[in-house]
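Some features that TrEMBL has for this protein:
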ACT_SITE  163  active site, proton acceptor
ACT_SITE  165  active site, nucleophile
BINDING   131, 173, 215  Ca(2+) binding site
């Protein structure tokens, strides 16, 4: 969220603005970076957090469909009289996310049009039995229009077209397209961001392995219709929580993700992440998961 995205009312007092920057020094850096980016056609900016989690443990990995896809490995092991190897619960998870400012002030002052890409990979790095393959990668390109609404309850709003898929084929293919509406409020020591989305409908598949049609017609049952992100700063530490829910009384499903970020020598940030619920990755969107991991953040929300 850039300086210009903060509402005039929230910045009317110099002391409040100074307090915000004191708590979130990354905000000032992001302000300057985005201003500079509009004048430099070759500059990519961080979008969502960029991080590496070399060590994560997941309680339940969806083996069935993926083992069917990698059946040639299992067949070879059986032919050699060996027990077929599956996926391990320990993985290396990392996320890379960048954006590019295409234009500014296109629908009023302090508005921006950006394109972004986020890739999140689940790597069986320690599983040499199956060639340490990448079990899953989720790709998320976006077109984002952001602006400062000037409301007391919102410092920044955006609307985006977001595609998300895992780049697989056949029964392993997962994808959906959404229009996402977002609003954020910044205080001197905390941030609240609320998103709601509309899924763009797709036609039903003629048969399960078809390349055309809806890969996952029930995805909103598990992923819901939006999410809430709240971050609180405690000195150089921060606690973040992301929650989503399908808002269904009969079969209430959702997820919660907790992040604790702490300082490391050399200005880097370490973090611990815990996930509980559905939708941790696209391939496992309908599987209940728990994952805990530890890693390093290259860039954060702020």
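The backbone N, Cα and C atoms fix where each Cβ goes, glycine too.
Quick caveat, the model's predicted, so the values are computed rather than measured.
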Distance [Cα-Cα, Å, rounded] between residue 173 (Ca(2+) binding site) and the residue listed as 'active site, nucleophile': 8
Neighbourhood of residue 163 (active site, proton acceptor) by C-beta distance under 8 A, where only residues 6 or more apart in the same chain count: 139, 140, 141, 142, 175, 176, 177
Spatial separation of the residue listed as 'active site, nucleophile' from residue 131 (Ca(2+) binding site) - C-alpha basis, Å: 24
Greatest C-beta neighbour count within 10 angstroms, which of the recorded positions 131, 165, 173: 173
Between residue 215 (Ca(2+) binding site) and the residue listed as 'active site, nucleophile', the C-alpha gap once rounded to whole angstrom: 10
Neighbour tally for residue 215 (Ca(2+) binding site), based on other Cβ positions within 10 Å of its Cβ: 22
